[in-house]
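Asks: Starting off with a structure, shown below.
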Amino acid sequence: MCSSAAASPALDDIEEGIALRPKFDAAGLVTCVTTDAGSGDVLMVAHMNAEALEKTIQSGEAWYYSRSRKRLWKKGESSGHVQRVLEMRIDCDQDAVWIRVDQAGGAACHTGRKSCFYRRIDRDASGEPLLTMVDAERQFDPDKVYGK
């Protein structure tokens, strides 16, 4: 892997080459979209630094970088709901990663839901945005799992 601090490779090499050369942002992160390998549903969007990306590739389990906690974390380290990576892809610019996972425990979201995307943006009668719960059934009680 190549860090963003290294010399910039040619655009053609980034878009068409076979070398992994992730383009980390100023904070040293790439966006990661995680989907359920079976259903194709989006489970979550998170971030990876170089270490999280490397650990994910090497271990076959999803690792992320928490911007709020400012630390590396393995998905499922507290809940047991690990994500086994079945496929990883990187986009054309190599600045975003997509991983397809087998989600243990049936829930990816820290709220106990299958997906972090459990609210749809609709409009009320006056045209104002309104959030509607969809696919919002909890798979686990976050208070019991995380002790909040």
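Positions of Cβ are set from backbone N, Cα and C atoms, glycine also.
For D91, D93, D95, the entry in Swiss-Prot reads Mg(2+) binding site, with the evidence type sequence analysis. According to Swiss-Prot, the Zn(2+) binding site annotation covers C92, C109, C116, on the basis of sequence analysis.
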Asks: Applying a 10 Å Cβ distance cut-off over all chains shown, what neighbour count does C116 (Zn(2+) binding site) have?
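Replies: That number is 17.
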Asks: Cβ distance under 8 Å to D95 (Mg(2+) binding site), same chain, sequence separation 6 or more: which residues?
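Replies: Spatial neighbours, sequence-distant, of D95 (Mg(2+) binding site): P22, K23, F24, D25, V30, T31.
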Asks: Under 8 Å Cβ-Cβ from C109 (Zn(2+) binding site), six or more apart in the same chain: what's there?
Replies: L43, M44, S115, C116, Y118
Asks: With an 8 Å cut-off on Cβ-Cβ distance and a minimum sequence separation of at least 6, pull the same-chain contacts of C92 (Zn(2+) binding site), or say none.
Replies: I14, E15
Asks: Specify the secondary structure state of C92 (Zn(2+) binding site) as given by DSSP, simplified to three classes.
Replies: coil
Asks: Taking the Cβ of D93 (Mg(2+) binding site) as the centre, how many other Cβ atoms fall within a 10 Å radius?
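Replies: A 10 Å sphere around the Cβ of D93 (Mg(2+) binding site) contains 12 other Cβ atoms.
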